[in-house]
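First the structure, in the form of structure tokens, and then the observations on it.
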Amino acid sequence: KTFGLSVGLDMEGALTARDRVGIQDFVLLDETTEAAFLSNLNKRFSKDLIYVSLGKKTNFSRNPASKCVYIFTVNMIHSFNSCFVLDLHCYALADNAYHTMLAEFNNHFILISGESGAGKTEASKKILQYYAVSCPSTALLNTVRDKMLMSNPVLEAFGNAKTLKNDNSSRFGKYMDIQFDSEGEAVGGHILNYLLEKSRVVHQNHGERNFHIFYQLVQGGEEDLLHQLGLERDCQHYNYLTQGECAIVASINDKDEWKTVKNALQVVNIDEINTNHLFGIVASVLHLGNVQFDSDSKGHSKKKLTKCFVFFLQLLGVDAHTLQEGLTYRKIEAQKDQVLSPFTIDHAIYARDALAKAMYGQTFTWLVNRINESMENKDSSRKTVIGLLDIYGFEVFYVNSFEQFCINYCNEKLQQLFIQLTLKSEQEEYEAEDIEWEPVQFFNNKIICDLVEEKHRGIISILDEECLRPGDATDLTFLERLEDKMGNHPHFVTHKLADKMTRKTLERGDFRLLHYAGEVTYCVVGFLDKNNDLLYRNIKDVSLQFCTLYYVRVATQFKSSLLKLTEILMAKEAWYIRCLKSNESKQPGQFDEALIRHQVKYLGLMEHLRVRRAGFAYRRKYEDFLKRYKPLCPATWPHWRGVPADGVEVLIQHLGYLPNEYKMGRTKIFIRHPRTLYATEDAYERCKHELVKKNYTPSIIFYFSSSATKIETCWRGVQARKEREKRAWAVKVIKQFIKGYMTRGQAKITDNSEYLAFVRQNYLNRLKDNLPKTVLDKTTWLSPPSVLTEASEILRKLHYRLMVRKYVRGISTQRKLQMKLITSSLFKGKKDSYPQSVAQPFVDSRISEQDINPRALQMIRNEHIKYGVPVVKYNRNGFKPRPRQLILTQAAAYVIDEAKIKQRVLYAFLKGISVSNLTDGMVVFHITCEDPKQKGDLVMQCDHLFEFLTKLGVIANKQNVIKVVQGSIKIEIQAGKESAVDFGTGQEPMVYKAKNGHLMVVS
């Protein structure tokens, strides 16, 4: 299905079909309930009418989710120019804003908002495309036009990424000013960017990717360039590109996008030297992500010397000793002395990732600045501007963190601005028309904005104070400060502050905000780290060109940016495009009412409708109203000779309008209820037919007869021209096919391009149905046409690699046998229950990812889960048994209780593992314990003891610390406090706390 574009359809005329296709302007809904709103949306979308409006200045559109081909010619774009119609396409809104700017010589902005995947980026592109084609053309304009358009692929490459909801999701906010001179020519532009999601550089959730540019460089970069940068053409080699496990996506062509980006960089005046430097930084981030660390005997980190480290040094020209010191030590200043404090592996990884994020963030800022320099207008004379604001919509996930808090705060501010500007616009129109303003009841979300941003009392201020506070500040102490300050606020609640029923829906580390659009629960884990955006002093010293501060208070910086943006927007006239998506599965023809309702709520559309409908639903200039409806009154038909306002007064008196249904302004009539307009429009439709049916006058009959004849003649001409064009097209296609066949052996040219495309498609379709089925089959690969020889060979190798991979996966039995041999070497002849375990097969894991609570899984997934098993953990105080999940990752062992991580044991701190020589399933983790507050040794019972310990020994490389002990195992409850686990035999197995305070285990 294609888009239904209502070109040339005026608002009143559209009311005729309201029962069949709904109402295009939602202000004219008879009822302003949510049910009526959604029902009208469904009617419009079921007819593929994806553009609808809410008043003159607000359009909203649905992402159809179908693979539509946009064919908008220059003539079609010009058809939107200066029409007296309320067309619904974003071209029409852009045109209205442009001509209003020219007429009034003032500034405007267009706010584009919606959820990820709703079509915001596409709408922004359409508006830029419209201004590029429709504005007057000069040499300067053509240059600015090209730079405006080509800034998009550059910013998308460096600022967009594949997410679960969208293959091209903007991970930053963007405001672009397009500057026009007094003649309406585009003469310059400027971009502001907000809150780039830097954390994506070092971590991606399952099913998501890093920023596009990394994959474009690896997949599309020329061989010489990759060699120069020390890169291999395989995304799987890079730690920062594989965490989401979807580096290659069928719907994304990274090779083609690479070519587009390189061309776009030239257009925006980034020369070859800077381009090479830019790609060098991108490559160095990939190399940095592959830098690994070992631990010494004290648990301190030391860097492995690898090729990636060497390439990183070469690309950035950094001193090796300085970088190595920066990644493995923290520089602490004590008076005039400097002390180097060694990192643990965790701290070293944090420092590495912090440097990668800082490098990428500063590079993105540099890129935006260079684009701005290329679009800068040097003329100092006064300009008018139209701004485009493409900003994130409300985000509500299963786990909401610091990023969602900032994004939703941004939406809260924009909603406040939205209502203020809408009210302001309404009031100004009423005042201009001398209509009495009627107060509007609406929810003022200032109370929520103050909750977040108020000085000294708001959430952001408290977060900053906690980040600066000396001592042991943590995410949980931040939450406690919030509870002390916000305890009685009606829009804030935590587990501690909630009533009994609400408490069940909140974890102890959560706080919930009641936003204007609904409740959002935030998990405080990571708030302090993300707000600090910490970069250790000596890492900063390594590369000053990438970071100018030790740390930045992110939330405060974002708040300041938002306040400046609000000031910019308040000085301009506002227009809005609200984007909706009809379903999560990206399927055409599906209308998910629950999802649409959610978006209508979170975009504040009902609130906007109430503001627009609080007074008069419809207003129209006297001339236009009289021109349409004059046939309804004998006194005004066929011509009204007097003042239009008087003619409208005569007309509505004849129609029987009641005094409370309308008001007469200076230049417009205001009608309060849509039903009044419906009745007028229905009467107009009947009148048109009656004029002909009743032979009103011979002139009317002649008029309609001649009109019918003209229409019939024109229609026949149109059909004949279509047939002629169809035949001409067929002749052209056949000629092209014959020419293509004759030149099929030559390089790709205009004559053979379509033929070669047909040959490729035909071959690939046949190949799909005739692929070899086994690794041993070397003969059945289809012979390719000459144009596909190279591609066919690449496909053949890929297919055989895939079959080999499947074959190798099927021979895991040998690997499991090797694990059994390790178990034998550890326990044979040492532990009594070993003989009975030999026949029991090992499995990959006893706990799947689906069995782990999503909140806990979100926190540990990036460490690559290797194995999981249910255990019973015995508390250190009292030895009470508690069922838990034990998850082994590449870096640590996690003890998990539902959504909470109870303990994290880094393998570097695991100094010993003890089991008894009897038949019990007890195991003790001996943990390095230096801090009295640190948790001590871990005592657990596991039904799959041999499998678990063998896996742990291999994953953590700890086979040499597993000991089988007779009698008792000493345990350290905390630093300086000891106890023991005693083992013995009896008639029945049992575990209990003995009188001596030890844990007694009877086998």
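Count begins at 1; order follows the chain as displayed.
Any Cβ shown, glycine's included, is placed from N, Cα and C.
Remember, TrEMBL labels are computer predictions, not curated facts.
Feature annotation (TrEMBL): of 309-331, 562-584, 884-906, 907-929, the stretch labelled region 'Actin-binding' is 562-584. Residues of the region 'Actin-binding' (562-584) grouped by DSSP class, helix first, strand second and coil last, total 9 helix, 9 strand, 5 coil. In the predicted structure, the domain 'Myosin motor' (21-685) carries a mean pLDDT of 82.
When the neighbouring Cβ atoms lying within 10 Å are counted for each of the binding-site residues (A118, T121), the highest count belongs to A118. Cβ contacts within 10 Å of G117 (ATP binding site), excluding its own Cβ and spanning all protein chains shown: 21.
For S116 (ATP binding site), the Cβ neighbour count at a 10 Å cut-off comes to 18, with all displayed protein chains included.
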